[in-house]
Amino acid sequence: MSRPRTWPAHVFLAAGALVMLAPFAWQLVVSLQTLPDSLRVPPKFTPSWQWSNFADVFRSVPLARQFLNTVVVTAAVTAGQLLLCSLAAFAFARLRFPGRGALFLLFLAVLMVPGELFLIPRYEIMMELGWLNSLQALIAPGVFGAFGTFLLRQFFLSLPRELDEAASIDGANPLQIYWHILLPLVRPGLLALGMLTVMWSWSSLLWPLVVNTDPEMMTLSAGLASLRGQFLTNFPILFAGSVVASLPVIALFVVMQRQLIAGIAFTGSKG
């Protein structure tokens, strides 16, 4: 039996990979160019090895402080998502209460609402709490999400009910069943949700720009956006900062890509 020819698919996938990698390669090239070289037409596709751009970006904005802010916000948001979404997912998947199905459909409906519709209400809440220009304003709205609840619910649904029944016979209450029995078994889902949350929180731009105007309280995305000038933007410095900001997320994706793909693929295997 002849093996099917797979090289056309491989060529197509390789071409797609090159298209996806091209912006990152161009970002790296421009980050090492001088300002005149970055503005040339036609563009120059080779770096000028202007390593001072990486030092200049630290002098242009408080990048170290913004990096720390981003780490704190991302860690807090990720921890909140893992805890609160797993609790909600456990309730929807394992507990029986009136209106469970309707409430879960309401959760799913939130996924279809553009996030921009919540900007003004969220801003007014932050203003009433006195949280503008603070890390709390960046953390609080992101510690819970409908997508995380849906993702983890699929994992909880895949576990046999006999686990709950056996634990109940031994005297365990629902919270103990959640924490000691079921939560360790949905570890792949937790890893996938954690990685997605890290990537989303790390690169969030619109909300940090809305609630924080103090450079010392900005995250990396908002801080780098402030480098754009009204009439002229120093793209080498801006792209140098973008390289620094993107390296942690790229490294995380390279290490955790198997868990991410497995976790997302699993969401459709149980309804």
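Numbering starts at 1 and runs along the chain as it is shown here.
Cβ coordinates come from backbone N, Cα and C, glycine included.
Nobody curates TrEMBL annotations by hand; they come from automatic prediction.
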TrEMBL annotation of transmembrane segment - which of the ranges 156-180, 231-255 it falls on: 231-255
Among ranges 27-47, 132-152, whichever one TrEMBL labels transmembrane segment: 132-152
Highest-contact recorded stretch vs the transmembrane segment (190-211), from 102-120, 132-152, 231-255, CB pairs under 8 Å: 132-152
Tertiary contacts of the transmembrane segment (231-255), as residues 6+ beyond its ends and Cβ separation under 8 Å: 24, 27-28, 30-35, 38-39, 50, 53-54, 56-57, 60-61, 63, 67, 70, 195, 198-199, 202-203, 220-221, 223-224
